[in-house]
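Below is one structure; the comments refer to it alone.
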Amino acid sequence: MASRSFFGALWKSEASRIPPVNLPSVELAVQSNHYCHAQKDSGSHPNSEKQRARRKLYVASAICLVFMIGEIIGGYLAQSLAIMTDAAHLLTDFASMLISLFSLWVSSRPATKTMNFGWQRAEILGALLSVLSIWVVTGVLVYLAVQRLISGDYEIKGDTMLITSGCAVAVNIIMGLALHQSGHGHSHGHSHEDSSQQQQNPSVRAAFIHVVGDLLQSVGVLVAAYIIYFKPEYKYVDPICTFLFSILVLGTTLTILRDVILVLMEGTPKGVDFTTVKNLLLSVDGVEALHSLHIWALTVAQPVLSVHIAIAQNVDAQAVLKVARDRLQGKFNFHTMTIQIESYSEDMKSCQECQGPSE
């Protein structure tokens, strides 16, 4: 009993020497962990948005696949390379829709210790493979068109070409209606401009733009079919259309390739201006300087940011963190943000590592 009293007294004596723990800072850290993901998803319905996007893409890709096969058959029967080129453009649309569907599926897979960013960039690799395959198909069609112009030994069935191209215009209109977004959505805490952009799924919007481009090409093929149907001696219009539409297909894929290279090289994504982000952070009260600002993207529609913010003395770090995060999220809707708060020192003005990148 005496030994218990002795150890109890010893414990009280040693405990009095332990420095006090700063509980408010611990509490703030817990709160910041609580709201950093909760507020990011509050007021939005990502799962229902993805389901709507999937339904639209399923319908459009099914229509696209069926008619692409029909155009290949019709182009073969009509001996028309222009229709074959239009089918190649449909292949571009179909491939982009498959990539979008794949990205919507793979983005729901959880990250692992090995793939700690998740599987987001599988979409980028698929897009690169799609572009390369389309270039091969287009190159073959251009080669055949050159051969036709040189030899002149070919016949085109104007009636079959006319029917097929007319159906192509109708099918592209149907696909456009299936992918068209009415613009109804929900917005909480964002500007009108930001909410109007966010309520449109980027995958569906990209597919819709592809279909509009293919519709214009199909109208061109239809005009060529009318010319050949009434004036069969003008059959050289077909290979000429093949050249023109091949340029259109390559132009479409070049924009995709540019986005792919930008993501793989971890460049600043489209829609996010480096200087604007920097000035927005410097406008937060208490922020004296910033450095190591990096902006890149996991995929085309998922920008990521990391930055070190230097704050003045006696400034609430958690308050600065909250304001900076809310402003960035409200204006740019970053997928992931990592913001490190540190104390400002005068030597940051002359430190080369603390200076921003060149233009």
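Including glycine, each Cβ sits where the backbone N, Cα and C put it.
Per Swiss-Prot, the feature Zn(2+) 2 binding site maps to Cys36, His291, His308, Glu342; the stated evidence is similarity to another entry. His291 (Zn(2+) 2 binding site) falls within a strand segment according to DSSP.
Taken from Swiss-Prot, the feature Zn(2+) 1 binding site applies to His89, Asp93, His210, Asp214. Asp93 (Zn(2+) 1 binding site) carries a helical DSSP state (H, G or I). Sequence-distant contacts of Asp93 (Zn(2+) 1 binding site), defined by Cβ-Cβ distance under 8 angstroms and a gap of at least six in the same chain, are Cys64, Met175, Ala207, His210, Val211, Asp214.
In the three-state DSSP reading, Ser283 (phosphoserine) counts as coil. There are 11 other CB atoms within 10 A of the CB of Ser283 (phosphoserine), with all protein chains counted. Sequence annotations record features per position, and here Swiss-Prot assigns phosphoserine to Ser283 based on similarity to another entry.
The motif 'Mitochondrial localization signal' feature in Swiss-Prot is assigned to 34-37; the stated evidence is similarity to another entry.
The topological domain 'Cytoplasmic' annotation in Swiss-Prot covers 1-56 (among others), and the record cites a curator's inference as its basis.
Within the chain, the topological domain 'Lumenal' (78-86) has long-range Cβ neighbours (under 8 A, six or more residues past its boundaries) at 71-72, 138, 141, 144-145, 148, 154-158, 160-161, 164-165, 168, 214, 217-218, 221, 224-225, 237-239, 241-242, 245-246, 249. The topological domain 'Lumenal' annotation in Swiss-Prot covers 78-86 (among others) and is backed by a curator's inference.
The feature topological domain 'Cytoplasmic' is assigned by Swiss-Prot to 108-123 (among others). Across the topological domain 'Cytoplasmic' (108-123), the prediction's mean pLDDT works out to 83.
Under 8 Å from some Cβ of the topological domain 'Lumenal' (145-159) lie the Cβ atoms of residues 77-81, 225, 228-230, 232, 235-236, 238-239, 242-243, 246, all in the same chain and six or more residues away from its ends. What Swiss-Prot lists as topological domain 'Lumenal' is 145-159 (among others).
As annotated by Swiss-Prot, topological domain 'Cytoplasmic' applies to 181-207 (among others), with the evidence given as a curator's inference.
Remote same-chain residues near the topological domain 'Lumenal' (229-236) are listed as 149, 152, 154-156, 158-159, 161-162 (criterion: CB distance under 8 Å, separation of at least six residues from the stretch ends). The topological domain 'Lumenal' annotation in Swiss-Prot covers 229-236 (among others).
Here Swiss-Prot flags 258-291 (among others) as topological domain 'Cytoplasmic'.
Among the features that Swiss-Prot reports, topological domain 'Lumenal' is placed at 313-359 (among others).
Only residues 6 or more beyond the boundaries of the transmembrane segment (57-77), in the same chain, are considered here, and those with a CB under 8 A from a CB of the stretch are 83-84, 86-87, 90-91, 93-94, 97-98, 100-101, 104, 157, 160-161, 163-164, 167-168, 171, 174-175, 178-179, 203-204, 207, 211. Marked as transmembrane segment by Swiss-Prot on the basis of sequence analysis: 57-77 (among others).
The transmembrane segment annotation in Swiss-Prot covers 87-107 (among others) and is backed by sequence analysis. Among residues of the same chain six or more beyond the transmembrane segment (87-107), those with a C-beta under 8 A of the stretch's C-beta atoms are 50, 53-54, 57-58, 60-61, 64-65, 67-68, 71-72, 75, 118-120, 122-123, 126-127, 130, 133-134, 137-138, 141, 175, 203-204, 206-207, 210-211, 213-214, 217, 245-246, 248-249, 252-253, 256, 299.
Sequence annotations record features per position, and here Swiss-Prot assigns transmembrane segment to 124-144 (among others).
Under the heading transmembrane segment, Swiss-Prot lists 160-180 (among others).
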Top partner of the transmembrane segment (208-228) among 160-180, 237-257, 292-312 - counted as Cβ pairs under 8 Å: 160-180
Which of Asp214, Glu342, the listed binding-site residues, has fewest other Cβ atoms within 10 Å: Glu342
Helix-strand-coil residue split for the topological domain 'Lumenal' (229-236), DSSP-based: 5 helix, 0 strand, 3 coil
Closest of Ser283, His291, Glu342 to His89 (Zn(2+) 1 binding site), Cα positions, recorded positions only: His291
CB-centroid shell, 8 A cutoff, Zn(2+) 1 site His89, Asp93, His210, Asp214, site residues removed: Cys64, Leu90, Thr92, Ser96, Asn172, Val211, Gly213, Gln217, Thr252
Distant-in-sequence neighbours of the transmembrane segment (237-257), which means Cβ under 8 A and at least six residues beyond its ends: 80-82, 84-86, 88-89, 92, 96, 127-128, 130-131, 134-135, 138, 141-142, 144-146, 148-149, 156, 161, 210, 213, 216-217, 220-221, 224, 227-228
